[in-house]
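Per Swiss-Prot, Fe(2+) binding site is recorded for HIS81, HIS83, GLU87, HIS126, and the stated evidence type is sequence analysis. According to Swiss-Prot, the Ni(2+) binding site annotation covers HIS81, HIS83, GLU87, HIS126.
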Amino acid sequence: MKAYFYDNLPGDQRLPHDSGKEVTVAELEKVGVLYFRFPDVEGVNTLAAERGYKNRDEIIVSPEKMGAIYETKVRQFFDEHLHEDEEIRYIRDGAGYFDVRNEGDEWIRIKLVKDDLIILPAGIYHRFTTDDTNYIQAMRLFKEEPKWTPLNRTEGLDENPYRQEYVTQFLKAQAEQA
């Protein structure tokens, strides 16, 4: 895993866009993002039991697997959105980027590779893309039945109760500590 501020320069979303300003695991935790590295599935199973993740599936995002819809799907994943559930991904192969917003509404880019596991809290604005290899295989973990319902960032979404809870728990807490 490598985390840094996104450079916001134009160009292919699958390129690194590395500003050169590193972000630590502790800084990720301040915005509610949890990172783990598990060389085998046993560690994932233990975490799943501890956190109540009852269901899982696997997804491969690649042109070979997805065919003609690949480019459309990758652009869709890159639309800024939030979920009303935690988003948990364990990378089985390949690589990709999760971008998350910090308390200053800046993008933090998180590159994940094989054996990395990330947990994004409900209500965090984020987006995803593969890297320039155009391939990632990930295990998705869920507390309940598998679902992936993105709520794209629009005017008024900040009033969503899951967004409000996220802001209170993480962003306002940071502002009060500053």
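Glycine too: its Cβ is placed from the backbone N, Cα and C atoms.
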Any further residue of that chain within 8 Å (Cβ to the Cβ centroid of HIS81, HIS83, GLU87, HIS126) of the recorded Ni(2+) site
LEU82, LEU120, ILE124, TYR125, ARG127, PHE128, PRO150
Which residues, sitting 6 or more apart from GLU87 (Fe(2+) binding site) on the same chain, put a CB under 8 Å from its CB?
ILE118, ILE119, LEU120, HIS126
Per DSSP, to which secondary structure element type does HIS83 (Fe(2+) binding site) belong, with helix, strand and coil as the options?
coil
Check the binding-site residues HIS81, HIS83, HIS126 for other C-beta atoms within 10 angstroms of each C-beta and report the one with the most.
HIS126
